[in-house]
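**Student:** Below are the structure tokens for one structure; questions will follow.
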Amino acid sequence: MSADTVVRPRRNTLRPVWEEQPSLLGQLGKGTILTLVVAVVVVPLWVVVVTSLSSEKTINSAGGYVFLPREFNPSAYVVIFSGGQITDAILVSTIVTLAGTALSLVVTVLAAYGLSRPGTLGHRPILFYFLLTFLIYPGMIPSYLVVTGLGLKDNLLSLILPTAISAFNLVVLRAFFMSIPGELYDSARMDGAGELRVLTRIVLPLSKAVTAVVGLFYAVGYWNAFFNAILYIDRNDLQPVQRVLQQFILAGQSPASSGAAVAIPGLGSTVPPSLAIKMAVVVVTIVPALIIYPFVQRHFTKGVIIGAVKG
Amino acid sequence: MSAPPVAEPQSTAVRAKKKVKAVSRQQLSFGQRLRRDWPLLLMCFPAMALLLVFHYLPALGNIIAFQDYNPFVGDDPLEAFLYSEWIGFGNFEYLFKTQAFWDSVTTTLSITAFQLVFYFPIPIALAVLLNSIMSPRIRSLVQSIVYLPHFFSWVLVVSLFQMMLGGAGLLAQTLRQAGHTPPEIMTNPDTFMFLITSEAIWKDAGWGMIVFLAALAAIDPSLYEAAAADGAGRWRRMWHITLPGLRSVIVLLLILRLGDALNVGFEQFVLQREMVGREAAEVVDTYVYYQGIAVQQWGVGAAAGLFKAAVGILLIVGANKLAHRFGEQGIYSKR
């Protein structure tokens with residue numbers, strides 16, 4: 001029997017030929033599990049968003065959280081963005097995240113590039129210096145003493161500087177820089193380019209994806225900063241969003257009592273229900289991650305695996 | 001020399017070039033190397049300085065564990081450090097005699113053990129399940145959704161749990177409307193272990209899949225085909241090919257987890273300590289915080305932190321030895 005007499009059935013599946021037909025029960029089981037897993041993540045977020053956009057009437061008739069969207073009522077967002085503690089917190093977190101991520105990225109990229117060529121002066125001891133941070137932890141109390149000793153209490157730098165460098169991110173970036181063919185460096189240097197020029201003109205354009213992932217990791221870290229704020233920030237107008245979230249949701253403080261629910265221009269005197277305001281705060285803490293996430297998501301595996309293999 | 005003759009000239013050329021390079025590097029003096037490499041050194045400097053001040057200096061500062069540290073004997077922490085009295089192992093003696101400290105150690109270890117059993121296998125199972133889904137579209141959809149909570153802060157995760165399962169949460173609201181009394185979930189110390197593990201799973205189990213998915217993708221598909229041709233069914237293929245393919249990653253992560261046995265997270269517990277009470281939620285890290293910063297027994301807190309770090313290093317070295325004994329690579333290889 002020769003191969004060309006065999007009529008191949010048209011297959012509409014990616015399943016390899018040798019694999020047996022999936023059983024109906026198995027497929028159903030897998031489908032159910034995956035749907036459940038996805039629902040467990042999505043449903044809470046859905047409820048939060050819908051409730052944050054609901055009016056007092058809807059919330060009262062639902063008895064609290066709203067599941068089915070019936071209206072689009074952004075008054076809760078108007079309130080939290082129209083001054084008061086929540087607006088301050090959003091501003092503080094935005095500043096810390098932008099400034100912190102910029103600083104972290106610049107410093108980390110520079111160091112990763114400086115370490116990307118084995119054999120240069122001091123390469124091994126400097127690398128060791130960075131890797132040692134994985135093994136030696138600073139400890140909470142001495143850190144507190146150092147930061148307060150530097151006079152950074154109630155200073156936004158206290159939310160940035162102590163967490164500015166992650167040796168893990170540095171190792172990830174360095175591993176990627178090292179994988180760039182050396183000929184590219186050599187040719188650029190032949191043309192008289194200095195190190196900084198090589199870095200900005202050749203290395204960075206080639207490693208946009210990894211740099212983006214590292215940037216996301218840093219940004220998420222700054223946006224989520226919570227405990228350093230407990231330690232170092234006492235002033236109310238310098239608290240980041242995570243602190244506000246904790247005060248409203250977990251400590252049960254009412255947003256109305258915090259000076260947020262001032263008279264809203266254009267919306268009459270109707271103060272939106274405090275549940276909606278709470279939910280709007282939750283949404284605001286989630287949204288930045290949601291915005292950047294899709295752009296870098298496809299590069300995660302690369303970044304994480306490089307770090308795991310070469311670290 | 002078994003290399004094909006065509007490749008021969010090129011490879012010798014490369015080797016020759018390498019040799020020249022190596023020789024010339026050796027001949028450079030320190031000054032010449034410094035002149036060549038100073039820009040690179042300068043680039044490393046800002047990161048090194050930041051780590052020196054905010055990582056190594058506080059790490060060094062752990063020696064206040066051997067002091068009766070009193071911040072009020074000087075104008076700043078450094079001066080206070082210089083003037084504080086050295087008391088040797090006094091803080092450790094006090095610590096080891098304190099029941100609350102041992103309670104926190106016990107709680108931490110039981111959380112680690114509990115999560116090793118009920119949390120650790122979940123990313124593996126999820127990854128194997130997702131890997132068996134053929135459609136790339138469904139796969140990437142599920143991945144992007146379950147990775148997401150990893151980027152949420154603990155405040156947000158605990159808040160979401162509170163809003164869903166808490167006393168005024170969605171579940172309680174639904175149950176009340178149906179005429180039932182809602183159970184206490186967020187404030188019950190007896191079920192706290194389940195609660196924190198569920199939170200950890202919700203936040204990080206999806207993200208934990210990444211490593212396993214990569215390991216699964218690295219398994220040679222022809223192994224599966226050969227096994228199928230030999231008559232191995234779906235489960236046998238999973239047992240004899242998939243799981244061995246994941247073995248070294250699993251061992252690696254187990255070692256890391258064991259080394260972190262006293263590290264079960266901090267913010268998650270600080271946030272919920274008030275709700276369920278100290279007895280269920282006091283882990284070593286929260287003990288350090290409350291002893292050191294809240295009660296201002298700085299030396300005792302630092303001693304507890306140092307104890308934790310020392311045990312962590314011992315555990316990781318021990319676990320790695322164990323891995324070598326089982327023929328795995330571990331996190332660092334044998335010398």
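The backbone N, Cα and C atoms fix where each Cβ goes, glycine too.
In case it helps, TrEMBL gives these features for our protein:
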- B:38-57: transmembrane segment (TRANSMEM)
- B:105-319: domain 'ABC transmembrane type-1' (DOMAIN)
- B:111-130: transmembrane segment (TRANSMEM)
- B:151-172: transmembrane segment (TRANSMEM)
- B:192-219: transmembrane segment (TRANSMEM)
- B:239-259: transmembrane segment (TRANSMEM)
- B:298-317: transmembrane segment (TRANSMEM)
**Student:** Of the listed stretches (B:38-57, B:151-172, B:192-219, B:239-259, B:298-317), which one yields the highest count of Cβ-Cβ distances below 8 Å with the transmembrane segment (B:111-130)?
**Tutor:** B:192-219
**Student:** Taking residues 6+ outside the transmembrane segment (B:192-219), which of them lie with a CB under 8 Å of any CB in it?
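**Tutor:** Counting only partners 6 or more residues beyond its ends, the transmembrane segment (B:192-219) has Cβ contacts under 8 Å with 110-111, 114-115, 118-119, 122-124, 126-128, 130-131, 143, 145-150, 152, 154, 157-158, 161, 185-186, 241-242, 245-246, 248-249, 253, 265, 268-269, 272, 276, 280-281.
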**Student:** At a C-beta cut-off of under 8 Å, are there same-chain residues at least 6 beyond the transmembrane segment (B:239-259) that contact it? List them, or none.
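**Tutor:** For the transmembrane segment (B:239-259), the nonlocal Cβ contacts are 112, 116, 120, 124, 128, 131, 211-212, 215-216, 218-219, 223-224, 227, 232, 312-313, 315-316, 318-320, 322-323, 326, 328-331.
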